[in-house]
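Q: As annotated in TrEMBL:
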BINDING   8-13, ASP33, ARG38, 86-90, 128-129, GLU162, 273-276, ARG343  NAD(+) binding site
ACT_SITE  CYS273  active site, nucleophile
DOMAIN    329-453  domain 'UDP-glucose/GDP-mannose dehydrogenase C-terminal'
Amino acid sequence: MVKICCIGASYVGGPTMAVIALKCPSIEVAVVDISVPRINAWNSYQLPIYEPGLDAVVKQCRGKNLFFSTDVEKHVREADIVFVSVNTPTKTTRGLGAGKAADLTYWESAARMIADVSKSDKIVVEKSTVPVKTTEAIEKILTHNSKGIKFQILSNPEFLAEGTAIQDLFNPDRVLIGGRETPEGNKAVQALKDVYAHWVPEDRILTTNLWSAELSKLAVNAFLAQRISSVNAMSALCEATGADVTQVSYAVSKDTRIGPKFLNASVGFGRSCFQKDILNLVYICECNGLLEVAEYWKQVIKINEYQKNRFANRVVSSMFNTVSNKKIAILGFAFKKDTGDTRETPAIDVCKGLLGDKARLSIFDPQVTVDQIQRDLTMKKFDWDHPLHLQPISPTTVKQVTCVWDAYEATKDAHGICILTEWDEFKNLDFKRIYDNMQKPAFVFDGRNIVNVDQLREIGFIVYSIGKPLDAWLKDMPAVA
């Protein structure tokens, strides 16, 4: 019986291994992590992450051929294939690559542990997003500490979209496996292909060399983020000229060379991988002397920061140039619908901008906990463009932020509403009821373009929707940079 162990029980490791266990009943899969609370949650009825369809998959396999454990060394020792899916955050300490390079501390620690506890040959699979040539460093650690054990390193980057991860795993566009172009490397690649071949058609399983696989992951996220920044930059021009970004995007999407995906204007992109991977790409370009290329990719992030700041400035300028002591309802805090993930969510920067003008925030998100929101709003943000210092953040008090579990409670007596996550339930709210219980004039700032602007204006709202023709009221307001 083939045994697989995955080090790391977070957004990638947990769902991926659960689906492998479901699709490969003859394979024993163990997901290990040093976090006792996280593993306990995986073994409970309340999983540590929210992902549609995940709960059913886990319950079907858990205790049969899918196990969650904190006994990391035991399961690594027994495994034939070891996936490493640990965090690779952007380096935030001072020194070489600070603010851009990936911090591989957890990866190095995992590699040393694998070498230390292994008693048999193993295939080690990169599942984390890592810089190009990481495999080379990992190979050196494993080889120089192998004690006669043979290791083959593969790169198998994930291409999951949170909110649709289970669907993506069931029916992937492609599975990418990179390996050494040697007899041993080819054999290891085939072993991993055999796992995915249980349910993925062979023509969707792509094989490359190691470096191409590692770079492909960074390239995919950079291209996706680039599309979002492009349409967001266009949204500012639409507002200035009276064009409608939705209509422009639709016209653009009909060009078969472009297509419709990732062309929705919004308050900005979130998800840790987009910004983290682009910064990593920037660092790699800089290290290779490709300064013009590095500057090109930097601009993708700069436009994203600009869009978030532009949105927050629009709120303040529209409400008589101040939100001091005004209640602002925040609908949605996760970076996208159908996930509780708040990493790099635009809501953090928008909320901090409003708090800086002394607004009172009432926040509702159906999947994000109060503790998570409070942590996100009080943490310091690393200044990636000036990596030798952390941007100072004005201290926020509990009195300025209230987290509630109902959209109607969040909007009661509010002066304005900011829609920052495109949860489906926000489209079906009783906005007449909301309007009747708000301060007047009542403002709606739609950061996801999900409301019917005309209907809300008929009710009496003053509405700002990104990239849409401005409400007559807003046209008289000062221009927003």
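Using N, Cα and C of the backbone, Cβ positions are placed for all residues, glycine too.
Nobody curates TrEMBL annotations by hand; they come from automatic prediction.
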Q: Taking the Cβ of GLU162 (NAD(+) binding site) as the centre, how many other Cβ atoms fall within a 10 Å radius?
A: 24
Q: Taking the Cβ of each of the binding-site residues and counting other Cβ atoms inside 10 Å, which one has the highest number: ASN87, GLN275?
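A: Output for this query is GLN275.
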Q: Sort out the sequence-distant neighbours of ASP33 (NAD(+) binding site) for me: same chain, 6+ apart, CB within less than 8 Å of its CB, listed by position.
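A: Spatial neighbours, sequence-distant, of ASP33 (NAD(+) binding site): ILE7, GLY8, ALA9, SER10, GLY13, ILE39, PHE68, THR70, VAL72.
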Q: Using DSSP, how many residues in the domain 'UDP-glucose/GDP-mannose dehydrogenase C-terminal' (329-453) fall into helix, strand and coil?
A: 39 helix, 21 strand, 65 coil
Q: So if I draw a 10 Å sphere around the Cβ of GLY8 (NAD(+) binding site), how many other Cβ atoms end up inside it?
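A: Neighbour count, Cβ to Cβ under the 10 Å cut-off: 26.
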